Amino acid sequence: MIDQNLLRTNLDDVANALKVKRGFTLDVESVKALEEKRKALQVKTETLQAERNARSKNIGAAKARGEDISALLAEVDNMGNELNEAKVALDQVQAEIRELLLSVPNLPADEVPLGKDDTENLEVSRWGEPRQFDFEVKDHVALGEALNGLDFAAGVKLTASRFVVMKGKLARLHRALSQFMLDLHTEQHGYVETNVPFLVNHDTLFGTGQLPKFGEDLFHTQPLTGQDPNETQRPFSLIPTAEVPVTNLVRDEIIDENSLPLRYTAHTPCFRSEAGSYGRDTRGLIRMHQFEKVEMVQIVAPEKSMEALEELTGHAEKVLQLLGLPYRKVLLCTGDMGFGSAKTYDLEVWLPAQNTYREISSCSNMWDFQARRMSARCKAKGDKKTRLVHTLNGSGLAVGRTLVAVLENYQNADGSITVPEVLRPYMGGVEVITA
């Protein structure tokens, strides 16, 4: 959620920036009307409170003089009722302002390139050279099915399309990838491993920005409307990414600045309805309703967040480098960024069968956008005031897409797969996967 003070002091500039950079039209007149109403009610509330306090003191003085105070008591009582009504009205207006702000995307950092979609993203760097094959390249679906390791028909039978059953050595390779990633991040990059719920409440989804805007992209235990408020029927949602529960660990917390940065990692399944993705990537593991990911989250002091973004992105890059997978680093333009991001790098891995780079990690600095929604703050020792932390998140990596990249880049002419060296300890020493 963007800073409400920005709207109070620079409304027209903010509205213009949102329009130009985000394609978002802010209802300026509604904001102005609500802000005027809020200011009037704020003044009224403060005035009534001051008058009520003054009258209350008069009651004490009159009582000490032995005077009849019944009229004063009635006056203070009426003033109290009026004050309560004003407070209720003020709370209502503030709730309306918050509701409006929840739909407003984050403002991009100045260095983010202006653009309408992914065709205007900026390539920053490349690592590794795509392998030159002397045989006809197969895609991961053909390779996985020939190895009896990917069973998409079983996924359809058990659930629906965009689900898969992994078996045998490919299931183990998938597990090896996630274990390797976790070990790297915890042992070399300084992250604390967390094991978090896969079902979360709606406060958690509001905190990281999935709700209210992206409810249709989630799987819910109950419809978002008409929910039963009873404790036994509380509505939960399956997590679309571990970013959601892990980042919310600091919700409603005041963190000692000396303990920052906080670095967390988690390996979880992720669940996405893929609303709006009909017809896209219908073949294989690229776009699934259920997939696994190793997520990295950092909670940092505001002045450290841009430096932290470079560090976090480097941690994701290290996974690809150790696996020997060619990739490129891309700075997303304003039209391709996520709703809550101020700056995002995508890492795109080379897929030989598609003869192109495909996203395998997205690393974002959210500034204080999520922290404001979560009321996540920090305070230095000796300071009376708190300030909002900055939050960052990144895939380190998407496990299924990494499996795709390993299968395609390490395939052999006979359909076998050479196991990358760093994964062999997790595979019981297996060097080549055969049918």
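Glycine is no exception: its Cβ is also placed from the backbone N, Cα and C atoms.
Cross-referencing Ser161, Ser375, Ser395 against the L-serine binding annotation in Swiss-Prot, which names Thr241, Ala242, Glu243, Glu295, picks out Ser395. Of all Cβ atoms in the protein chains displayed, 27 besides its own lie within 10 Å of the Cβ of Ala242 (L-serine binding site). Closest to Ser273 (ATP binding site) in space, going by CA atoms and restricting to the binding-site residues Thr241, Ala242, Glu243, Glu295, Ser395, is Thr241. Look at Glu243 (L-serine binding site): DSSP puts it in a helix. DSSP assigns Arg272 (ATP binding site) to coil in the three-state reduction, outside any helix or strand. Here the binding-site residues are Glu243, Glu359, and the one whose Cβ sees the fewest other Cβ atoms within 10 Å is Glu359.
DSSP assigns Glu295 (L-serine binding site) to a strand segment in the three-state reduction.
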